[in-house]
Every structure is written in C-alpha cells, then in structure tokens.
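Engineer: If you look up Swiss-Prot, you'll see 1-20 marked as signal peptide. What Swiss-Prot lists as disulfide bond is CYS66-CYS180, CYS197-CYS207.
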Amino acid sequence: KSRLYFAVTVLMCAFVSINGVGLNDLLERASQLSDKLHSLSTSLTNDLDSHFPPVGRVMMPRPSMCHTSSLQIPNDKDQALKVPEDELLSLARSLLLAWSDPLALLSSKASSLAHPERNTINSKTKELQDNINSLVPGLEHVVHKMGSSSDNLSSLPFYSNSLGQDKTSRLVNFHFLLSCFRRDSHKIDSFLKVLRCRAAKKRPEMC
C-alpha cells in the first residue's frame, strides 16, 4: 500500500510543473496515473468483496444502471485504434470528469460503511480522489499539446447525494458505484494507452 501511495504521489508531482514537456512524456505520465486508478479500484473491489453479504449480490443494480453507460465508446482496443485521437481523448476526459461528484460521495461515506475493512477502504477511496484530481489537469495539458478542442465533452450528470437509508443499502450502492468506476477506469486507461502508442508512432499491432 505504501509503495503504491508513494508511486502515485510521485506521478502527481510530475504533473505540477510540465511546461516544455513533450506530448509523449505527458501521455506516458497520464497512462501511469490511469493505470494506478484502475489498480486501486480493483484493490478496493477486492476489499469490499472480502465481507459482502449474499443479499448484496441480489440487490446490486445492473451495469447498465451506471450513470456513464449512455456514453457511446469503443468496446475493445481494436475499435479504439480506429477512433480519431481527439475523439478518444474527449471520451477519456468525459469519463474522468463524470466521476468527480460520485467519488466525492464515496469518499464522504467510506469511513461509515458497515464493513470491517472500512478504514482501508476509506484510505484507498481518498487516494482515488487524489488520482482523479491530478489526472484531470494533466489531460488538459495533453489537450493543448494535441491542439484539440477542450470543450468537446459529453455531459454525464450524477444526481444522487445519498447511498441509501440503511447500512446494507449503503454498502451495496457503494460497491455498485465502485464497480462502475472500475469499469470506466479500465476504459480510460485503455484509451490513454492507445493515444500514447499512437504518439510514439508505433504500429497498431504493437499497441
């Protein structure tokens, strides 16, 4: 855990002063941060699964209920390789920005979850927030380097400010939101790695 936190902190600091940094390096740093996002969300999911009530599986909403499910995106890497760079970057940014409010909600509720690993879950959720807060401005710099439009984003509003009225509902909805984020973080990571590969002029089969 401490090694992961140190690595994330170093990557965050790398985005603080990036004037003059080339596109390849910016995308490399962004890809490393997005990889950490996905790894951390996977670790959090495993923590939750360690003590998750059987009834929670029944109560869990379907993936199609994720607030980002309406966004039309490539289904796999082969499809992503056919999408123009500026569109792929806009998709990654749209997904990332869509998680600002949901992650703030998760972070505010993690410490009160009815779960024996809530302290660990709380700590990792705050790390997720820190990662997001670093990656968002990092991608803004990528936008400027690529000469893309910074306004070409999809609106994916999140309307809830509660996880539920009872401890089981709160745990289930926390898990559901996290599973949605884990799925989206994988997409963000995949899109940024394709962009990094293209910027490095690699052949598609090498990406």
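Cβ from N, Cα, C; glycine included.
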Engineer: At the level of the C-alpha atoms, what whole-angstrom distance separates CYS207 (disulfide bond) and CYS66 (disulfide bond)?
Structural biologist: 29
Engineer: Give me the non-local Cβ neighbours of CYS66 (disulfide bond): same chain, 6+ apart in sequence, Cβ-Cβ under 8 Å, ordered along the sequence.
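Structural biologist: Spatial neighbours, sequence-distant, of CYS66 (disulfide bond): CYS180, ARG183, ASP184.
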Engineer: Do any residues at least six apart in sequence from CYS197 (disulfide bond), in the same chain, have a Cβ closer than 8 Å to its Cβ, and if so which, in order?
Structural biologist: MET206, CYS207
Engineer: At a 10 Å cut-off from the C-beta of CYS180 (disulfide bond), count the other C-beta atoms across all protein chains.
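Structural biologist: Total other Cβ atoms inside 10 Å, all chains included: 21.
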Engineer: DSSP three-state call for CYS180 (disulfide bond): helix, strand or coil?
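Structural biologist: Note: CYS180 (disulfide bond) is helical by DSSP.
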Engineer: Validating a neighbour-count step here. Other CB atoms within 10 A of the CB of CYS207 (disulfide bond): how many?
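Structural biologist: For CYS207 (disulfide bond), the 10 Å Cβ neighbour count is 17.
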